[in-house]
2 protein chains.
Amino acid sequence: MASRVSVSAPPKEGEVTTGPIYRSHKHYNEVAFSNDFGEATLRVPVRRIDLTDGTHFDAYDTSGIYTEESPALNLKEGLAKVRDSWPSAPAVAASVDAPADAPKVRTQLAWARAGIVTPEMAYIAAREGVDVEVVREEVAAGRAVIPANHKHPEIEPMIIGKRFATKVNANIGNSAVTSSISEEVEKMVWATRWGADTIMDLSTGKDIHETREWILRNSPVPVGTVPIYQALEKVKGDPAKLTWEIYRDTIIEQCEQGVDYMTVHAGVLLRYVPLAANRVTGIVSRGGSIMAAWCLAHHKESFLYTRFAELCDILAQYDVTFSLGDGLRPGSIADANDEAQLAELRTLGELTKIAKSRGCQVMIEGPGHVPMHKIAINVKWEEEWCEEAPFYTLGPLATDIAPGYDHITSAIGAAIIAQAGTAMLCYVTPKEHLGLPNRDDVKVGVITYKISAHAADLAKGLPCAQERDDALSKARFEFRWHDQFALALDPDTALDYHDETLPAEPAKTAHFCSMCGPKFCSMRISKDVQDYAKENGLDSVEAIEAGMAEKSQEFTDAGGRVYLPIASE
Amino acid sequence: MASRVSVSAPPKEGEVTTGPIYRSHKHYNEVAFSNDFGEATLRVPVRRIDLTDGTHFDAYDTSGIYTEESPALNLKEGLAKVRDSWPSAPAVAASVDAPADAPKVRTQLAWARAGIVTPEMAYIAAREGVDVEVVREEVAAGRAVIPANHKHPEIEPMIIGKRFATKVNANIGNSAVTSSISEEVEKMVWATRWGADTIMDLSTGKDIHETREWILRNSPVPVGTVPIYQALEKVKGDPAKLTWEIYRDTIIEQCEQGVDYMTVHAGVLLRYVPLAANRVTGIVSRGGSIMAAWCLAHHKESFLYTRFAELCDILAQYDVTFSLGDGLRPGSIADANDEAQLAELRTLGELTKIAKSRGCQVMIEGPGHVPMHKIAINVKWEEEWCEEAPFYTLGPLATDIAPGYDHITSAIGAAIIAQAGTAMLCYVTPKEHLGLPNRDDVKVGVITYKISAHAADLAKGLPCAQERDDALSKARFEFRWHDQFALALDPDTALDYHDETLPAEPAKTAHFCSMCGPKFCSMRISKDVQDYAKENGLDSVEAIEAGMAEKSQEFTDAGGRVYLPIASE
């Protein structure tokens, strides 16, 4: 694999997309860090958007070195292991209520509880624009997680919690049916280019280990997996043949590789399976259906549930974060918020307590298909039953009737559930229910979910969220087209669409919108109205009500035209 | 212009798209109607979706005869003038509180108040699946409107009101910059094919009258306009030169042609203009900016406001519905719910009372750009100040930062505002802010807004809304791929996407999803789990808890596999 500078067209086999985003450049803010265990200079990246007036706007950046002007890439070696040079604290007690058999641990949760500020916390504070104590407190309370396996030193640390910017996960991964390793690596680079905060490798086909290795070594963002998929491959696809030993070995293999968080469907209990028997769409989680099959076949609780404490101690060794899976999530509007779903969520609450007592970071997976009026209550239940562990939800899709557009059906649900407090959204692409997403689908999925996440951040009144909206709208009103494109979530598409109607470069500085032509451009007229009102002291209700008729006369005398056509028709 | 049977590719210049939607056929339910003034047989269309099990699902159908197998089209003559043969009631008092100078009128509002059930009301009741008295009561209360100009007998009547299915409007129309008449007619046919309930012709270029004539004569749905655009053309684009006489003549010209509803920006008062002076994006409504310019230039209230009663009496003659325009709607997140917007809305409330007292049907236009947490209150204000007149909103866009994806930023806002009570949503296409929508953009805009409308109808618990979701999800779980596509809002796209991953016809009956391959198909496993559980009496919690270990043994003996791979890997 080699690097390549390009944006629109897919790269050649074995290459990945590199180079800056439109009118932006990578900038690193240097943060001096020190604690009792050492010091480091943290280089925190931003996408610096260069505006035409000489100023700039700094945007949160997930894209790693790939968007540098000339990144020093070596895909075979992987990214630099930056975190290895940061000071690391020693093992501490897992928690004040840790069971007697729980070993001391080196996790962000345990350190936060012990009052230790880690380099990861400082890095995140700079990235999010908040005080580092906010980061430490939220992690200590278990309301936020920092997925960062000690064996994954390449990542740029990030946080998942409702007090921070809402995050977006992009699923990639090959299957028995389609796609190759290099395609998956490019999907990772491509997804993070457009703003994916984490990626999940959901590969189920051959070469699972190798695919994951390439992704991990080259990913600037945390990587999640669902280890049961690989375990199932090891028993040739027969759920009943799964054992604790096979699963445990798979977990250790993935921990050693550097996976940052793992979906574990430990809440699918035997007695919940009948609850799903009369659903319209049964069990739609792959992991959930596998575990349900196992429970039925053996007629007992799964090893994920019975061996959960052991599992915790393995994950804690690496500081791998639990993503407690919703194996019984609803797969249709009809099944939303039913007893199967809620029973499992209550069990995830119990498991959360166990994991945290052993020092593990935990987030909780949720939704699926849920109608709008049943969405917000999901967050309330999750917070109540799971001690406000960060909620990580798929969509939810707000209707079942639009296959081909499920990025949109779910963007509606995702925005609503994020506003209600979900910390990370798992994207849905246009191919959901129909096929595997290609590179274009991945981009559409990511951008769509960045919209939902940002809309929710605006609604939550997150500091800084509105600054970008204001900057873009100001550029729009001032006909600074290039700035409008540059500040957009997807400048390339905005530019392409503008080109379709008015391709010439002068149109990029034209004082009218391409929809209406110069004469009917409301922005144009409005700006003239505004300028005129200000110049003539008509920008207050008092001035207007004082009845300044002479001003009106002047305006008429001056031509009375509030627009100046600048293009022939 | 001639007809043509095709779906995906755009038709040739001068032709329009015809033919049934995937696995559907046009069906007409015949409704015998009579009242004191005559009788008629109403033929109410549905899209009958033919399912593979021999049953069918009837969907609300907006597409007119164009989706018949072999429509008898003559675009030059236009559609049959069906409503001309229906009994029409005589003029009645405009209202109980009608001013002394108000003439008697022939409007759905006045008739509804007089207890008269019209053929349009009966047609709509059959279409919506509700009792005709519900229709009459909602219209009488002014909570719903039936936009149906007496001079537009070609339309299939529909209703806009919060107790009915949420409606979607698609804007079309040429501008000085782009597009031709035949393109616009095709956009109308294309938009209604995918579910647009009304269309607005926003043409501003040359041939405004002729473009509108073609659209009106061939449209199966009500057509709206913004008459100020044509009036402005008549004064060569100079807002200050607009007069009541020019505007009045334009209104009459359009009423005579058959326009069903008209946007009138009568709420832009002189004293509100300064309220917009310090906004981030000023006045973004074209009509609003034109009227603001007029008010400033003449330093007095506009003729739309001062001559409003006269305007009412003209519209009432034809039963043209007012769509009171939001000339001061916010064009950015920063400007949402500001005093300019609210001041105008209060004035629209006053105008609503005047219009209704003179027998006119009224709806109120709203939003624009509004963050999620400020959306629902808009509906509350509108209902309080405007006597619950149907709210008709553009989006709103829930963030400003995604030009190129504003169908999505606004689908989020649209779903939320529709759930809160908006009766009709004005679509936004991916080209919003960037260019004029082409045929593909129109389709994406319509489908996206059908999603928002339907999601809201589910959330409002509208009778029948969930039936389609359940039918589609059932088809999905039973691997009836063709039925899943047919029940989708856009079968063609769903089918195309499935073909991309698994093109062969056998894949359309395969018992696994194309995402995961056979082994990891949760639906497949889940269905086996479900079947097994039912066959073995394990479909209740009691049975499971009774500890039927022998069942487990049987299951294992039977091969223990809950899936049967049906494709080689």
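All residue numbers here begin at 1 and follow the chain in the order shown.
Just so it is clear, glycine is given a Cβ too, placed from its N, Cα and C backbone atoms.
The domain 'ThiC-associated' (B:40-86) scores a mean pLDDT of 96 in the predicted structure. Annotation source TrEMBL lists domain 'ThiC-associated' at B:40-86.
Just so you know, the Cβ of B:Tyr392 (substrate binding site) picks up 28 other Cβ atoms within 10 Å once every protein chain is counted. According to TrEMBL, the substrate binding site annotation covers B:Asn171, B:Met200, B:Tyr229, B:His265, B:Ser285, B:Arg286, B:Gly287, B:Asp326, B:Gly327, B:Leu328, B:Arg329, B:Glu365, B:Tyr392.
Neighbour density for B:His369 (Zn(2+) binding site): within 10 A of its CB lie 28 other CB atoms from the protein chains shown. Under the DSSP three-state reduction, B:His369 (Zn(2+) binding site) is assigned to strand. Taken from TrEMBL, the feature Zn(2+) binding site applies to B:His369, B:His433.
As annotated by TrEMBL, [4Fe-4S] cluster binding site applies to B:Cys513, B:Cys516, B:Cys521.
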Listed binding-site residues (B:Asn171, B:Tyr229, B:Ser285, B:Arg329, B:Tyr392, B:His433) that sit near chain A [CB under 8 A]: B:Tyr229, B:Ser285, B:His433
Spatial neighbours of B:Arg329 (substrate binding site) that are distant in sequence (at least 6 apart) but have CB under 8 A: B:Val284, B:Ser285, B:Gly288, B:Gln341, B:Glu365, B:Gly366, B:Pro367, B:Gly368, B:Leu394
Assigned conformation of B:Tyr392 (substrate binding site) - DSSP reduced to three states: strand
All-chain count of other Cβ atoms within 10 Å of B:Asn171 (substrate binding site): 23
C-alpha spacing of B:Tyr392 (substrate binding site) relative to B:His369 (Zn(2+) binding site), in angstrom: 14
In three-state DSSP terms, the structure that B:Ser285 (substrate binding site) belongs to: coil
Summary of DSSP states over the domain 'ThiC-associated' (B:40-86), given as helix, strand and coil counts: 8 helix, 16 strand, 23 coil
Binding-site residues compared (B:Gly287, B:Gly327) - the one with the fewest other Cβ atoms within 10 Å: B:Gly287
Cβ atoms near B:Ser285 (substrate binding site) (within 10 Å, other residues, all chains): 25
Structural state of B:His433 (Zn(2+) binding site), classified by DSSP into three states: coil
Cα-nearest neighbour of B:His433 (Zn(2+) binding site) within the listed binding-site residues, B:Asn171, B:Tyr229, B:Gly287, B:Gly327, B:Tyr392: B:Asn171
